[in-house]
Each structure stands twice: as structure tokens, then as C-alpha cells.
Amino acid sequence: MPEDSTAIDYVMEKASGPHFSGLRLDGLLSSPSKSSVSSPSHFRLSNSSFSATDDPAAPHQPFVIGVTGGTASGKTTVCDMIIQQLHDHRIVLVNQDSFYRGLTSEELEHVQEYNFDHPDAFDTEQLLHCVDILKSGQPYQIPIYDFKTHQRKVDAFRQVNACDVIILEGILVFHDSRVRDLMNMKIFVDTDADVRLARRIRRDTVERGRDVDSVLEQYAKFVKPAFDDFVLPSKKYADVIIPRGGDNHVAVDLIVQHIHTKLGQHDLCKIYPNVFVIETTFQIRGMHTLIREKDISKHDFVFYSDRLIRLVVEHGLGHLPFTEKQVVTPTGSVYSGVDFCKKLCGVSVIRSGESMENALRACCKGIKIGKILIHRDGDNGMQLIYEKLPSDISERHVLLLDPVLGTGNSANQAIELLIQKGVPEAHIIFLNLISAPEGIHCVCKRFPKLKIVTSEIDQCLNEEFRVIPGLGEFGDRYFGTDE
């Protein structure tokens, strides 16, 4: 790069192929190249390819959806509708019925008395193993259950491969907490009991070789009690309840829109709904490229860091509560808008966090800003040295400022202090430029109600607890004390 040009325009001009600052980096964009610059094992930035992920070669965690409801409620129809609308993604449907246990000879003799709607009828351990294997990106051979012989087929199975979305469907997929914990979205299909019974009679007589009397007897003896004892109570775990099942096209459309949004997010955003990564554009990735370069001048480092910080602050402010407000425009017309949150303050973690104060002041005129100093004693030890916070901080929403989220230990101590001062956990928004996955896990598991807003999630921490690929000691580089 020429010495007299470190502007982001230079980065844009030198990268081959078309670029648009508003374009999302949801996939690989390929174009001819003459040379490339890469960072081994982390992410690739070259003229030939550009990826929105931290590591294009790394497997991504699939999005797991659980779909349950009463027997014949329309679960399969809902799953089919979701699959059809997500046709551009790799989807695997795992039916809980495939994991019925094969009946013993004694159970077969009294098959009419066997309760197929009880949790013990399923091999939950194998279902868990199946999902774990699929989430790791490996193929799995799903057993095929024969409802006429009540045994698994020995010489047949269904091979499923790595995928983007896993749909777990079955009447009791919400019953076991271990299975629930694997799900990113839980859907309960709610259909009238009479409709479900009519569907059950038709299905079991046509597809499973049963007669009507045996279906009705089984329904009254096992199915209805199992629904009341196991299925209906699991409704409380659902994130989404769909009335009328597959007939509710509006509900399914909204679910698919949400899934599309989640599939475009970082894996950690799927796990923690309180983690928000600002939308990635070539401008943002270009600025990250500049501030991460070790030989950039201090002036340019500060300039592009300030630009990124401003974007993070603006995004963080968007998560504050707003009230509706109407104003009269110069034309005499009424404009319906919103009013900003009044009770707000910033808290910077000294000293790197102080680099974010100017952007916050530029966005919020006259905002109060407190300070917290935490001393690092060794790798994990933390000691609070100094704090000066607004006296009425318990009545305010707090923007916690720290440009780098590494281990999460100092962040946890700062958040704990704010909570001790009376700040509700849900009123804290933690703003940073880059975050390590370890730090996000550490903070979100302990404080699930606060929000984290960042511009990029990096790959990992190294043995020295530095963020990789990272950008070095941010405070030293920003304030010019790294020499």
C-alpha cells in the first residue's frame, strides 16, 4: 500500500470484482485475482474470495428446530411447508417415530396393550446421539421403523448428511430436557382434538394397516391420556404456538422469515438471542482490515476505529426503549415518530473503554459517563481498583463500553458492580468492537438478560488469552502508548 494512501477507498479499488457498501457478505463472492494475502488458520482476505465468516472452511452449527404437538395435529405438514420455503438450504427432517424401540417377543404378544405414546417407547439416547453427530457436520444413518412388525428394519436405513437446518419432529421431542437444550427454536402445533382424532383414524387405517375399532380403543386408552400427561404440559416450552397447524400459512411464513434471519447470523447469535453483530458490509470489513494491520499509522488507526465505534454505538442505541411521539412539521402536517430514552448513561472500562466515549457523546448530547478500573492480576484474577458512577445509575439504562471482549472476566466484574449498584441486568447494553467466542459464552451464561452489541466475532483466544486474529492491545494503539 502506498505510504500516502491508507484510505479505505484504496482497499476498495484494489480488490477485484464489483463491491457495494450495502451488500451483505452472506456467501462467497469469487472473482479473478492476481495476488492474495491471507492470514493462516483464521480468515482469508484476498482478491479471489471474500467470506463473511471467521473461517470459511470451518463447519457451521446447523439451526435446530423442534416441532411437536398432539398426534395428527399437522406437525409433518408444518415441517413440509418449512422445508419447501427453505429450499435453498440443506435441511434434514428427523422424525421421532424413527427412534421407537423394537418390541420384545413378550410385548409383541400384547401389542394392543403397548403404549406407543409414552416416553419409554422411544430410544432417546440414540436420538441425542443422532443430533450430536449431525450438529458436528457428520453423516448419520437413521433407522427405519416398521409399524406393522413393530421392529426396526435390519437391512435398511435412511442416510442423512451435513446440513444447515435440522428439524426434530415428534409428539414427545419436548419431553426430555436434554433434547430441548439442543433446539434453537421450539414450535408447538395446536389443533382441535376432534380434528386430530379424525386424522389419526385415517392415517392409521390407510398407512399402518389398522382397523377403526383398534385405533379408537388405543386413542381412548393411551393417546388421549398421554397427550394430557406429556404433550400438553410441554407446550409451555414452545417459542412459537401455531393454531390450526398446516392451515395457518401466516404463522409458517413468519417462522420461515425468522429462520432465514437466523441462518444469516453468526453461530453464537443463534445460541444467544441477546448477542447482536452489526450488519457486515465491505466498508465495515475494509475498516476492520485497516485497524487490524500492525503497521497502520496511529492517526489512521484512531480514525477508522472511531468510525467503527460510532457504528457500534448507533446500533446499541437502537436497542433502547422508545416511546411514541407526534410532532408538527414546518408544513403543518403531523409526523408520528418516537422519542429517545431519557434516562441513559455510559460506563467505560478504563482505559480502552475511554476510546469509545467520544462516539457516545457525539450520538447523545450531554450524556453522563461513569468509569470503572479493573486491574488484571495474572491470567484470570481481577481486582476492582476504582469506580465513579452517576449517583442515580440504578434508574438509568447503561451502555457499558469496552472495545475488546476477550475472556469476559473483567466484563463480568464490571457488570456485577453495575447490578450491585441497582442497575437491572436487562438495562445493560455491552458495546465492543470485537468479541472472542469464549468471552461471549462467559458473559451470556452468567448474565442472559443483558445485550451484547459487537461489530465482529473473532475466532478464539490463544494460550496467552489474546483474541485471534484480534487487533493487539487496543488501548495502547489508540492512545499511542504501544512504543
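Cβ coordinates are placed from backbone N, Cα and C, and glycine is handled just like the others.
On a predicted model such as this, the values are computed, not experimentally measured, just so you know.
The annotation in Swiss-Prot ties LYS298, ARG307, CYS341, LYS342, LYS343, LEU344 to GTP, and of the candidates under consideration, ARG208, ARG210, ARG244, ARG396, the one tied to the same site is ARG396.
Comparing Cβ neighbour counts within 10 Å across the binding-site residues ASN409, SER410, the minimum falls on ASN409. Residue annotation for GTP gives LYS298, ARG307, CYS341, LYS342, LYS343, LEU344, ARG396. The furthest Cα pair among them is separated by 36 Å. With all protein chains in the displayed structure included, the most crowded Cβ environment within 10 Å among the binding-site residues ARG307, LYS342, ARG396 is that of ARG396.
In the structure shown, the C-beta of ASP402 has more C-beta neighbours within 10 angstroms than that of any other entry among the binding-site residues ASP402, GLU473. Looking only at the binding-site residues LYS298, CYS341, LEU344, ARG396, the one with its C-alpha closest to GLU473 (5-phospho-alpha-D-ribose 1-diphosphate binding site) is LYS298. When the binding-site residues ARG351, ASN409, GLY472, PHE474 are screened for a C-alpha within 10 angstroms of the C-alpha of ARG307 (GTP binding site), no residue qualifies.
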